[in-house]
Structure formats: C-alpha cells, structure tokens
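What TrEMBL lists as domain 'EGF-like' is 72-111, 122-159. Per TrEMBL, domain 'GAIN-B' is recorded for 271-437. Marked as domain 'G-protein coupled receptors family 2 profile 2' by TrEMBL: 442-692. The signal peptide annotation in TrEMBL covers 1-23. If you look up TrEMBL, you'll see 440-464, 476-494, 514-532, 552-572, 592-616, 636-658, 664-691 marked as transmembrane segment.
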Amino acid sequence: MKIRYPLFLLGFYVLVLLKTAVFKKTKDSQCRRRRCPQNAICVNKTHCACENGFVTTSGEKYFSDFLEICDDLNECLPPIKIHCGKNASCINTYGGYYCGCNTGYSLPSGETKFPNPMDCQDINECETIFVCGQNANCVNTDGSFHCICTTGYALPSGENKFSDAVMNNCQGISWCSKLDNDTFSRNCSIQPGATNFLDGHREICASLQNLSSACRNGTAPLTLEYIANHFDNFPVQLNGTKEEIAQVVTVFLETTQKVAYEFALNLPSGSQFSVKKKLIAITTLTIEGYCDKNNLTFELKAGNEVMDLNCTLIAEKDSKGAVVFISYISIGSIINGTFIAKENLDINEELENLYLNSKVVSGTTGYRNANLSTPVIFTFQHNHMKNMKEKSLCVYWDDTVWSNKGCKTISFNDSHTVCSCSHFSSFAVLMASVELKEDFVLTIITYVGLGLSLLCLFLAALTFLLCRAIRGTGTLLHLQLSLCLFLANLLFLTGIERTEPKIMCSIIAGGLHYLYLAAFTWMFLEGLHLFLTVRNLRVANYTSASRFKKRFMYPFGYGIPAVIVAVSAGIVPQGYGTKHYCWLNLHRGFVWSFMGPVFIIILINLSFYFTTLWILRDRLSSLNKEVSTIQNTRTLTIKALAQLFILGCSWSLGFFLIDSIAESIRLIIAYAFTIINSLQGVYIFLVHCVLNRQVQEEYKKCFKRSKERTETDTYVLSSSTSHTRTLER
C-alpha cells in the first residue's frame with residue numbers, strides 16, 4: 001500500500017499535465033489557425049482582446065469567439081467622457097480621440113489638437129480688419145461676436161445684429177426723408193366725426209404715426225423688420241360700424257404698401273428681402289435693366305401665398321423698379337364675409353354662405369396699379385379645405401367691400417385657388433355654397449341602368465313566382481329581394497325630384513328609406529343562406545331550409561327596416577326631404593340612419609362572402625373526380641363570385657364619396673358606383689334565372705308550349721280558311 005499510493009499520485013499528476021498540454025495545444029493551434037477579428041490581438045495564444053480604443057459588443061475584455069466584433073470606443077461619451085478643460089470639447093476618432101477648442105476659442109500656443117486637458121481662451125474677432133464691413137461696429141462677446149450698424153444706417157432685412165459681413169451690408173436711411181408728406185396725410189383723420197371711434201383704437205394711430213415720424217425725420221431705421229413689428233400691434237378685431245372699420249383697414253393697408261414700396265425702391269438692384277412675423281409676412285424685390293428679356297417673370301412668396309408677375313409690370317426697359325408682396329394673417333377676421341355685397345360681385349349664378357377662406361394679400365409696384373398690360377397671378381392656400389359643394393371666387397378689397405371686378409378664378413382644388421387679376425390691390429379668396437350641377441352622363445347611366453334593372457327584376461319576380469321547379473327557401477329570398485329593389489328603384493325614378501309639396505316629398509323620402517333598408521335586410525338573409533348552403537354542401541336542401549322559417553324571415557326582413565324608419569322619423573321628423581331631392585337630409589348626420597345599417601350589413605355580407613370562397617376552395621381540393629359533383633360545386637363557386645354584387649357589397653363604394661379626396665378620384669368612384677349598383681337587378685336576373693339550369697329548362701318548356709300553340713292556331717286558321725273557300729265554290 002505504501003508503494004501504490006505514491007504511484008497513484010504520480011499517475012494522476014501525469015494525467016493532468018497531459019490534459020493541460022492537449023488543451024493548450026488545441027487553443028494555441030486554434031489561435032494560430034484562425035486569426036482574431038479586426039481591431040483585436042491574440043493574447044497568450046488562447047484568447048483575443050480588442051486593441052486600445054475599441055471594445056467588444058458583448059462588453060467582455062477577453063474572448064475566444066471569432067464572431068465577436070471590436071467596435072470603436074467613444075471616449076467622449078459616458079461612462080468615460082474625457083474632460084478636455086475649459087472651453088474645450090472632446091472629438092472622437094476611430095480608435096482614439098483628441099481635444100479641441102470650442103468655436104471662438106483657441107490655445108495661446110496655437111495648437112488645434114491636444115490629448116490632455118487645457119484651458120482655451122476667447123478669440124477677439126473684432127481685432128480682424130473689416131470683420132463687420134463698412135458702416136458697422138464690432139462687438140466682441142465670450143466665444144463669439146456680432147456687428148451693429150452705426151447710427152444712420154440699417155440692414156435692409158431689418159435685423160439689428162449680424163455676423164456675416166459678406167451677406168449683410170449696412171445702408172443709409174436718410175432716403176426715408178424723401179417721402180412725400182402726403183403719404184401719411186390720412187393717418188387717424190379719416191373723416192370728420194370719427195374721432196370717437198378712433199379714440200378706442202389709439203394703437204393703430206400710434207403705429208401709423210410712428211411710421212410717419214420715422215420716415216420724415218429719420219428717427220428710426222425704416223426696414224421691413226420695423227414695418228412688420230408695427231403691424232403686430234394691429235388688433236385682431238375692431239369695434240364700430242362697417243363703414244368706420246372699412247376706412248381704418250383701408251388706411252392701414254395703403255400705408256403699409258406705400259412704406260414697404262419706398263423701402264424696396266431704395267435698395268440696390270437685384271435685392272430681394274423677406275420678413276415674417278406673427279401677423280404679417282412681407283417680401284420685396286428690386287430690379288433695374290432686367291426687362292429687356294422677353295416673358296421674364298418673377299415669383300414672390302409671402303407666407304404660404306405666392307404672386308407671379310411679368311417683369312414689365314415692375315420696371316420699364318432701362319429703369320429701376322420694385323414690387324412688394326404682403327400677406328396679412330389677421331386682417332381677414334376683420335374684413336370678413338360681412339363686407340360682401342352681392343351687387344359688387346359679377347357672377348351669373350346663385351351663391352350662398354359667402355365667407356373668406358384665405359389670408360388677405362397686397363401687391364404693389366408703386367403707382368402703376370390699374371389696367372395692367374399682363375395680369376398678375378396669385379396662388380392662395382385655403383384656411384379650410386374646400387368641400388365639393390363650394391366654389392372659389394377671387395376678389396379684391398375695393399375700399400369698403402369685396403369685389404371681383406378685374407379678377408377671375410383660373411383653377412382651384414380642395415386646398416388652393418389660383419387667381420388672375422388685371423390690377424394691384426389687396427386680394428383674397430371667397431368661398432360660396434353653390435348648387436351642385438348634375439353630371440349629364442351619370443344621369444343617363446342612372447336612368448338606363450335602373451330601367452334595365454326594373455325590367456330584369458320584373459322578369460325575375462315572375463320567374464320566382466311561376467317556376468315550380470325552383471321553389472324553395474332560396475327562391476323565396478330572391479323573390480323578396482327582387483320585389484324590394486323593384487319598388488325602391490321605381491319610386492326613385494318617379495319621385496326623387498318631386499320636392500313640392502314638401503309633405504309629399506317627405507313621404508317619398510321615407511318610402512325610399514324603408515324600401516332600400518328592406519332590400520339590404522333581404523341581402524343580409526341572402527348572404528346568410530348562401531353561407532349555410534355552402535357550409536352544409538352535402539345536405540344543402542335540408543339543412544339550410546330547416547334553418548330558415550317563414551315566420552321568422554318576414555318579420556325580420558320587413559320589421560327591422562320599419563323600426564329603424566319609425567325611430568328616425570320620431571327623433572328627427574324634418575330629416576326627410578331636401579331642397580333639391582326627396583331623400584334624407586344631411587343635417588345633424590341624419591343620413592346615418594340609412595348608412596349605418598347599410599355599413600353593418602355590407603361588413604357582415606363581406607365576411608359571409610370570403611368565408612364562402614374559402615370553404616369552396618377546400619371543397620374543390622378534396623372532391624373525388626365525379627363529374628356531376630365537380631360541376632355542381634363549380635356552379636356554386638360561380639354564383640358565390642356573382643354574389644359580390646347581388647349582396648350589395650359594391651354599395652361600399654358610396655362611403656368613399658367624401659369631400660376629403662381629390663375631385664378626379666371622387667368622379668371615378670361616382671361612375672363606378674352608379675354603373676355597378678344601377679344594374680343590380682340585371683345581375684339577379686342573370687345569375688338566378690338565365691344561368692340557372694332548372695330555370696333554363698322551364699324557359700325551354702314554356703317556349704315550346706307557346707310555339708306548339710302558335711302552330712296549332714295557325715293550322716286551325718288555315719283549315720277554316722280552306723273550308724270556307726270550298727263552300728264558296
């Protein structure tokens with residue numbers, strides 16, 4: 001035992017050494033055989049580790065997984081976040097970093113990159129010669145600087161401070177004193193006797209007087225910024241009579257245009273400046289010698305409004321000229337639809353509910369404001385989306401009221417209106433409710449389609465009543481649907497436009513409401529019956545018939561619509577009948593007493609329809625190759641496809657005829673809706689009668705009997721005639 005124990009220990013030690021050597025050899029050979037990934041080194045020939053400046057995605061320092069990746073370590077972010085000193089920032093690089101001074105700061109040594117924290121000092125930019133250009137003073141700040149125009153000079157943009165001397169040039173404002181004194185002669189002295197009214201609006205007078213004082217005396221830089229700031233004092237609403245309000249607004253509009261024009265006219269040629277405040281946006285353009293080119297046009301934008309005009313309207317061939325385009329945010333709420341007189345609108349149709357639906361804009365090129373050689377084009381963005389029952393009307397402010405003389409509407413859509421005017425002034429877009437004109441083609445399609453449907457529904461109803469071979473639950477459902485659609489379409493064609501007397505129109509509207517609801521209720525029963533028939537395909541004649549009882553079908557098919565109509569009429573009795581049609585009124589959403597149930601039925605029938613197709617697909621894939629069974633199933637498939645229209649699913653197109661979609665798309669949907677649904681009776685006759693084999697056989701028998709009777713009558717008549725001739729001889 002004493003000899004074996006040391007031998008056992010020796011053997012165990014040798015075994016451990018061998019295992020370690022094998023493992024080391026394996027790892028060593030692995031590290032040598034397969035290289036570490038990019039940005040990593042091999043450690044002890046067994047593991048990999050990321051190089052300095054990189055870190056593994058897993059966060060482990062050592063790894064042996066050669067799929068591991070070493071990504072760049074951003075030393076400038078937590079948890080490391082290198083501190084570079086005062087007014088300095090850390091800049092990360094690939095596999096490293098460096099420190100640099102912030103903008104406006106530098107090191108006394110001039111170094112731009114350094115690894116250790118150092119304090120950067122402010123750069124005095126004002127020591128640079130002409131950093132602000134002429135007529136301006138430089139003001140140094142901690143880490144930056146700005147320039148300010150010297151007394152008597154100002155920036156054309158109206159800004160008080162700037163830092164880019166190349167893009168900004170301080171200009172003298174002494175030209176402002178050249179304005180005629182009568183430019184502001186109407187300020188706050190509109191007419192005798194109006195002082196009491198103006199006392200309540202002293203902020204308006206103060207703004208106008210400040211503009212006047214600044215121009216004539218040169219006490220303030222008259223810039224776009226200055227003009228726009230004074231307009232922000234203009235109230236959103238004014239109190240007083242319409243005449244007083246109109247006069248004050250007219251003075252303010254004219255003054256703002258004149259001052260902005262004089263500002264633009266004294267700018268260098270080619271200058272275009274814009275400023276936008278809370279209540280106003282102004283854009284100016286100054287040109288000289290540009291108009292020797294043919295058909296040269298300029299586009300100015302103020303806010304969301306655009307003005308396009310020909311170059312010749314701004315300046316003559318070799319002269320200097322300027323144009324001003326202003327968009328007022330709040331003026332429209334003051335001179336709104338109450339300042340509209342229909343006698344001042346040159347229109348040939350009846351318009352109702354007139355209101356402003358755009359911002360008020362002003363345009364001027366000085367004193368050449370009337371009888372323009374080429375019209376000015378304005379593009380307005382609507383304040384509210386235009387609906388299909390509204391029409392855009394381009395108008396201008398004629399001192400006291402809105403007028404459309406000299407302006408015409410070029411085009412409009414739901415969101416914008418384009419106007420053409422032969423004079424300058426202040427402009428806007430009016431919206432008016434108009435009577436929608438019927439589409440002649442749609443009307444023809446409706447009458448032709450419903451006429452064909454009436455004929456087909458009449459023939460289908462006769463077939464369902466007289467053809468004994470097809471009598472059953474399904475035929476009963478077809479008959480009731482045909483009767484409801486026949487009566488509904490007949491009443492629609494004969495009574496939809498009988499708006500007088502009103503009581504008769506309400507009765508017609510109620511009748512249409514009931515008949516179409518009843519038709520959709522029977523469409524629902526049709527869909528349910530088809531679903532049960534297909535689901536129980538092998539015992540269709542028994543199972544589906546047992547689930548449909550007449551004593552339940554008639555109360556459901558005719559009772560549910562009656563309840564809906566009764567409740568609707570009781571809650572909103574004035575909901576039946578409109579000004580132009582005997583149908584449901586749109587007021588207070590009354591039309592949803594029809595659209596709501598229809599929407600629910602369409603959803604249910606669509607679910608029946610797609611479930612039926614799914615069942616038939618599985619049925620076709622599992623059938624034996626019996627010809628008769630396959631043919632019957634295929635017949636049911638074709639009928640199930642045709643049921644998409646018969647079950648009223650195509651009426652869902654009507655829900656897309658809303659105002660928020662484009663007019664062209666709405667017109668396409670209207671045509672599709674009319675064509676498909678006006679022929680619903682035709683689909684019923686074709687699917688349930690013409691394409692039904694049993695009905696075809698019955699039709700053949702009827703034609704054959706009719707032909708035999710005709711031949712018999714002809715033979716009898718011929719024999720009688722021959723006998724008579726024989727007697728006469």
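Cβ atoms are placed via backbone N, Cα and C, with glycine included.
Most Cβ pairs within less than 8 Å of the domain 'EGF-like' (122-159), among stretches 72-111, 271-437, 442-692, belong to 72-111.
In summary, the transmembrane segment (664-691) lies against the transmembrane segment (476-494): three or more C-beta pairs, each 6 or more positions apart in sequence, are under 8 Å. The average pLDDT computed for the domain 'G-protein coupled receptors family 2 profile 2' (442-692) is 81. Scored on C-beta pairs under 8 angstroms, the neighbour of the transmembrane segment (592-616) with the top count among 440-464, 476-494, 514-532 is 514-532. Outside the transmembrane segment (440-464) by six or more residues, the chain places 470, 475-476, 478-479, 482-483, 485-486, 489-490, 492-493, 670-671, 674-675, 678-682, 684-686, 688-689, 695, 698 with a CB less than 8 A from a CB of the stretch. When DSSP labels each residue, the domain 'EGF-like' (122-159) comes out as 3 helix, 15 strand, 20 coil, counted as helix, strand and coil in that order. Counted with DSSP, the domain 'EGF-like' (72-111) comes out as 0 helix, 15 strand, 25 coil.
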